[in-house]
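Q: Before I ask anything, here is the structure I am working with.
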Amino acid sequence: MSIAAVILAAGRGKRAGSLPKKPKQYRLLGQEPVICHTVRCFCQNPAITTIILVIHPEDRQICEQAIADFKEQLIIVEGGNTRQKSTLRGLQALRKFKPKYVHIHDGARPFVENKLLEQIHTTVTPQEGVLPVLAVCDTLKRINSTHHVLETIPRTHLYSAQTPQCFPFERILAAHEKAIKTCKKEFTDDSAIAEWFGISMRTIPGSPHNIKITWHEDLNTAHLYLQKKMQMFPDIRTGNGYDVHSFEEGNSLILCGIKIPFHKKLNGHSDADVALHALTDALLATRGAGDIGTHFPPSDPQWQNVSSEIFLRHALDIVKQAGGRIANVDITLIAEEPKIGPYRHAMVGNLMNMLTILPDRISIKATTNEKLGFIGRGEGIAAFATANVLYPGEIPK
């Protein structure tokens, strides 16, 4: 069964009080922009084969920065000046992929759960779309222009609609094209267009956590829920890494991505950054994803002399795609020389940028080997690294 998704992120977020050039979908939620949380669940679901992300034309740069970890899995399409036009452009971009079904989802709903997607997948049919809903619990009042109550509306059989909403692809595409052609603009969601077009919609229970960030207060609520979610499922994983490289003739070496003037350099297939190699292994260990040699074998000439930041960013991609949040990292460098102290601040700053964590979560220490062994003889540098990463999900029993 071929399933695609259109994620709508072209809005300007005026109701959420967006900062200049910072719509709500690009605001930070925890350590990542809202849109990263939104796309992750779709990217991790194996049944979803194609994902279209519809953005505002002015947001391409900020979007590409925000979704860098998922760029290989997303197709970016520029939207129109209304939600309806943006949705149509996303659907039209899917036409060449010919999916059987398509999810349409609000980019400002960051807490889609995989179990909801799975329930949708087992419910949707060529004849019926699927709509997650929640029963209305509050008492509803109709008021007039002077803010006086006109009547109380019975809430029996009233439900609020959520996304993702899933449809037979060809039928919802035809519905949107007809709506634009006939200038029908009064729809507030895609299920309304489906109803108008004659597509039957089956409802399933939504999730109270699947909130849409519309107002500024919603972002505060999302922060609280994210914190609670991570506390409820404290899957804290610790990974360790070790690496060592010998010296050879040279005039500088690289540690934590920082060039250090020295009368020798480190010998290695890449730039021989022993610190980043150890840290890469530590991060990979938190996912049981092998080691640096598994992903970047030294026998492969394409990795010769490349920056070790490439290796670290690859490990970070693996961590982030699993929803991991780095709690802290600790690196110990063991060498008789050069002196590390003068470069420690620059090293921490470089790791801050790569790991997107605060400096108090980065420890870089250096020690000698008291003149013992090959390190004591000044023949090379060794590094130990430890990474603690918090992942969502319960610890297996």
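Yeah, the Cβs are placed from backbone N, Cα and C, and that goes for glycine too.
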Q: Can you pick which of HIS209, HIS277, HIS295 Swiss-Prot lists for the same divalent metal cation site as ASP243, HIS245?
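A: Record source Swiss-Prot; matching candidate: HIS277.
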Q: Find, among the recorded positions listed as LYS24, ARG155, LYS212, HIS245, HIS269, the one whose Cβ has the highest number of other Cβ atoms within 10 Å in the structure shown.
A: LYS24
Q: Looking at Cβ-Cβ distances, which residues of the chain lie under 8 angstroms from THR368 (site 'Transition state stabilizer') while being 6 or more apart from it?
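A: Correct list: ILE334, ALA335, GLU336, ILE375, GLY376.
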Q: Tell me the Cα distance separating LYS24 (site 'Transition state stabilizer') from ASP243 (divalent metal cation binding site), rounded to the nearest angstrom.
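A: Distance between the two Cα atoms comes out at 42 Å.
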Q: Out of HIS245, SER270, ILE292, ASN369, which of these binding-site residues is nearest ARG155 (site 'Positions MEP for the nucleophilic attack') by C-alpha distance?
A: ILE292
Q: Does DSSP put ILE292 (4-CDP-2-C-methyl-D-erythritol 2-phosphate binding site) in a helix, in a strand, or in coil?
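A: ILE292 (4-CDP-2-C-methyl-D-erythritol 2-phosphate binding site) sits in a helix per DSSP.
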Q: If you count other CB atoms within 10 A of each CB, which of SER270, THR367, ASN369 wins among these binding-site residues?
A: SER270
